[in-house]
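Asks: As listed in TrEMBL for this protein:
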{"type": "TRANSMEM", "residues": "A:24-47", "note": "transmembrane segment"}
{"type": "TRANSMEM", "residues": "A:53-80", "note": "transmembrane segment"}
{"type": "TRANSMEM", "residues": "A:101-122", "note": "transmembrane segment"}
{"type": "TRANSMEM", "residues": "A:142-161", "note": "transmembrane segment"}
{"type": "TRANSMEM", "residues": "A:168-189", "note": "transmembrane segment"}
{"type": "TRANSMEM", "residues": "A:209-231", "note": "transmembrane segment"}
{"type": "TRANSMEM", "residues": "A:243-268", "note": "transmembrane segment"}
{"type": "TRANSMEM", "residues": "A:288-313", "note": "transmembrane segment"}
{"type": "TRANSMEM", "residues": "A:347-369", "note": "transmembrane segment"}
{"type": "TRANSMEM", "residues": "A:375-403", "note": "transmembrane segment"}
{"type": "TRANSMEM", "residues": "A:415-436", "note": "transmembrane segment"}
{"type": "TRANSMEM", "residues": "A:448-468", "note": "transmembrane segment"}
Amino acid sequence: MSTIEFPRPQVGDLVAQTLARDRLGVWAVVFFVLSAAAPFTVVAGVVTTGWAVTGIIALSVAFLVIGVVLMLFSVGYVAMARRIEHAGAFYAYIARGLGRPAGVGAAWVALLSYNALQVGLYGAVGAAAEPVLAMLGVTVPWYLVALMSWALVAVLGVLRVDVNGKVLAGLLVSEIVVIVVFDAANLLHPFEGVMSFAALNPETLANPGVGATFALAVLGFVGFESAATFSEESRDPQRTVPIATYLSVGILMSLYSVSSWAITVVVGPDNVVQAAKDKSVGLIFDLAATHLGATVAGIGSVLFLTSVIAAMISFHNTTGRYIFALGREGVLPRIFGKVWQKTNAPVAGSLAQSVLGLAVILTYAAMGWDPLVQLFFWCGTSGGVGVLLLITTTSVSVLAFFIRERDEENVWQAVIAPVLSCAALLVISACAIANLDVLLGVPGPLRWTPAAGFAGLAVFGIIVGLMLKVWRPEVYERIGAGAKAALTVDASVGVHRAVA
Amino acid sequence: MHTGRSWPRTEPADQASPVLLAGDLFLVAHQKTRRCEIHSRVLASGLAGSLLAELVLFGNISAKNGVLKVERREPPRDALAHSVLDTMLSQPQHQDLSTWVRFWETSAVDEVAKRLQRRGLVRKAPRWGVRRSRSGWETVGREDVVAAPGLRLAYRLMPYSHGGADPLSSADVMLASLVDLLGLTETVLWDRMTRPAALAELGRVRACLTPNLTEVLEAVSQVKTGQVLAPH
């Protein structure tokens with residue numbers, strides 16, 4: 001056979017160069033993570049509603065404490081991320097660290113938590129759209145706005161049209177700029193001319209309801225874990241993912257603590273709870289209108305709305321991917337492992353999430369329940385508590401994993417940081433559960449609803465995991481395998497078909 | 001009754017079918033409307049796997065535990081397969097099968113389309129608008145020719161052909177497996193009445209896939225699933 005001589009490319013590593021073209025650098029990963037965290041939604045929505053419901057001003061300090069603890073947690077988390085398959089999902093860490101049954105339990109808790117976070121945002125979007133629609137001279141009930149945004153999210157989810165990265169980056173930068181401008185204006189107009197640092201005083205944490213404040217603070221950081229998802233898509237996973245994770249947590253921590261402190265400075269620490277109760281999410285826009293003018297406040301209102309919608313899309317897609325992964329692994333019915341080949345979207349997971357969202361909106365509209373407190377705040381904080389419990393269990397898993405399988409990791413990564421973060425997270429979780437009554441504003445047994453729900457789901461998941469171990473060992477072996485679960489499932493589908 | 005040999009082929013009969021694998025998959029993906037009916041990245045991962053599978057079928061490479069190994073350096077006659085092998089030989093530091101699937105994913109659609117274009121079977125199409133094709137290409141020419149791979153698979157997986165005719169070749173088993181993986185089964189097995197039996201036959205023949213081709217299929221499956229799991 002004649003041999004055709006092809007000129008050999010005089011290049012270094014052609015494969016690495018080609019794959020690197022589409023890969024993400026540190027700032028690209030940071031942008032994705034910050035977009036998922038939706039900082040403006042937290043500053044304008046969570047902070048003010050949190051003050052109004054809990055009556056505690058310690059949020060600024062709580063953001064600092066949680067930020068530091070999450071950075072400590074991230075040391076072991078990103079170190080372990082290099083060693084597991086499905087690096088963006090907490091349940092994969094828990095399956096590897098504490099065993100697969102615990103992983104299945106965590107997967108169910110994660111599903112409930114992310115769904116709660118997503119549907120909770122439908123309660124905020126009405127309030128976010130209100131000032132924007134008012135500028136247009138339109139008044140629309142919250143549930144119509146929620147239904148319109150639901151339709152948008154549902155369609156984009158099935159079409160897998162994520163908001164364009166550059167648009168997202170533009171919106172995010174605008175959000176951050178507006179937050180910084182608002183903060184500067186607030187700090188330049190202190191209440192009665194005195195710059196108060198009361199909200200930054202650690203003593204404010206000495207409050208019986210401080211656990212509620214910690215749970216709220218965690219809510220602001222949800223999404224930071226997704227940086228590890230980008231391991232395979234980053235230019236240098238050993239460097240990009242850890243730096244992006246620390247940067248994201250650091251930026252969020254600074255934004256949240258400074259912004260919440262700045263509001264207490266301009267309103268006065270003693271008045272901020274009442275002001276939040278009176279004006280709710282409109283508080284920071286009223287302050288902006290006073291100090292910066294109606295135009296800047298209007299821009300802020302528009303960006304708050306886009307921030308809420310971007311967060312909805314982000315949480316919807318996260319939930320859809322979670323459902324898809326569990327469907328592929330056989331933990332959920334296989335129908336959830338389906339994708340729509342035209343768009344490559346996890347269609348069953350996306351539709352399931354959308355059906356839940358629609359049911360929640362219609363139920364709240366029919367019952368006349370308050371969308372901001374009883375939907376946005378309750379679901380948001382319940383989801384936040386769920387994610388806090390997941391992070392805590394993951395920190396225990398990281399520790400357990402490195403006790404058994406330590407390789408190149410140094411003592412700081414494998415022992416010191418995981419031990420410190422684990423201890424801190426256990427205390428914070430215990431406080432949060434103990435203060436659920438403050439968080440939800442409901443006395444009596446109802447306060448335990450989220451904790452009981454998560455505990456029940458975790459136990460159910462563990463039982464399912466143990467059943468899989470006995471009756472379907474091939475599925476059990478693949479729990480937490482992520483993409484690597486693919487062919488086993490495909491092959492078993494073939495067998496099912498053959499049997500059928 | 002038709003036999004497998006009587007179905008039209010997209011290539012002259014003297015050429016071995018393994019050369020056609022990636023082209024066949026491309027044509028199946030465009031069979032329904034002459035334009036691509038699946039997401040371009042899904043098609044790309046399937047075609048990337050097909051290009052590697054062609055080299056497996058030529059005996060140039062093998063795959064075990066996710067690692068590729070060059071078994072025979074003598075290049076195949078097909079120019080694209082030759083080029084794929086040549087690139088792999090020039091990058092010996094990369095042996096991970098998934099890495100190679102991801103690498104060829106970046107160019108497989110256009111490379112395979114150009115190979116078909118040289119045979120007059122495809123032409124450029126707009127990516128946007130009414131006449132858009134997700135791959136950027138559309139098929140041209142005689143319908144029986146461009147639909148040949150799909151018809152061949154359908155015929156050989158149909159229940160009435162099980163007892164006779166030609167058994168599926170390794171290349172066609174791989175093609176059928178990739179068609180299923182990429183979600184194109186209903187395009188090929190369009191007859192609802194016979195589809196369950198054909199799917200059962202597909203499950204049976206896929207179990208007979210050689211270990212090397214199974215590895216390639218697994219790598220494509222992983223890359224494709226990874227596309228869904230990764231935020232973007």
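Any Cβ shown, glycine's included, is placed from N, Cα and C.
So that I understand the layout, could you describe where these features sit and how close they are to other parts?
Replies: Here the transmembrane segment (A:24-47) has long-range neighbours at 59, 121, 124, 127-128, 165, 168-169, 171-172, 175-176, 178-179, 216, 219-224, 226-227, 230, 233-235, 239-241, 243-245, 247-248, 251-252, 255-256, 259-260, 263, 281, 284-285, 300, 303-304, 307-308, 310-311, 314-315, 318, 376-377, 380, meaning same-chain residues at least 6 beyond its ends whose C-beta is under 8 angstroms from one of its own.
Note on the transmembrane segment (A:53-80): residues 47, 93, 96-97, 198-202, 204-205, 207, 209-210, 212-214, 216-218, 220-221, 224-225, 227-228, 241-242, 245-246, 249-250, 252-253, 256-258, 260-261, 264, 269, 272-273, 373, 377, 391, 394-395, 397-399, 401-402, 409, 412-414, 417-418, 420-421, 424-425, 428, 438-441 of its chain, located 6 or more positions outside it, place their CB under 8 angstroms from a CB of the stretch.
Long-range neighbours of the transmembrane segment (A:209-231) within the same chain, counting only residues 6 or more positions beyond its ends whose Cβ lies under 8 Å from a Cβ of the stretch, are 24, 29-30, 32-34, 36-39, 42, 46, 50, 54-56, 58-59, 62-63, 65-67, 70, 74, 77-78, 81-82, 87-88, 90, 117, 237, 240-241, 244-245, 248-249, 252-253, 256, 314, 318, 380-381, 383-385, 387-388, 391, 428, 430-436, 438-439.
Residues 26-27, 29-30, 33-34, 37, 39, 42-43, 47-48, 57, 59-61, 63-64, 66-68, 70-71, 74, 77-78, 176, 179, 182-183, 185-187, 189-192, 195-200, 217, 220-221, 224, 227-228, 230, 234, 275, 283-284, 287, 291 of the same chain lie 6+ residues outside the transmembrane segment (A:243-268) yet bring a C-beta within less than 8 angstroms of a C-beta in it.
Proximity of distant same-chain residues to the transmembrane segment (A:448-468), defined by a Cβ-Cβ separation under 8 Å and at least 6 residues beyond the stretch ends, is recorded for 99-109, 112-113, 330-331, 382, 385-386, 389, 433, 436, 440, 475-476, 479.
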Asks: Any contact between the transmembrane segment (A:347-369) and the transmembrane segment (A:415-436)? By contact I mean 3+ C-beta pairs closer than 8 Å, pairs at least 6 apart along the chain.
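Replies: These two stretches do not touch.
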Asks: Please identify the stretch among A:101-122, A:288-313, A:375-403, A:415-436 with the greatest number of Cβ pairs below 8 Å relative to the transmembrane segment (A:168-189).
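Replies: Looking only at A:101-122, A:288-313, A:375-403, A:415-436, the most contacts with the transmembrane segment (A:168-189) come from A:288-313.
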Asks: Mind checking which residues reach the transmembrane segment (A:288-313)? Cβ under 8 Å, same chain, six or more beyond either end.
Replies: 35-41, 44-45, 118, 121-122, 124-125, 128-129, 131-132, 135, 149, 152-153, 156-157, 162-163, 168, 171, 174-175, 178, 181-182, 185-186, 188-189, 266, 281
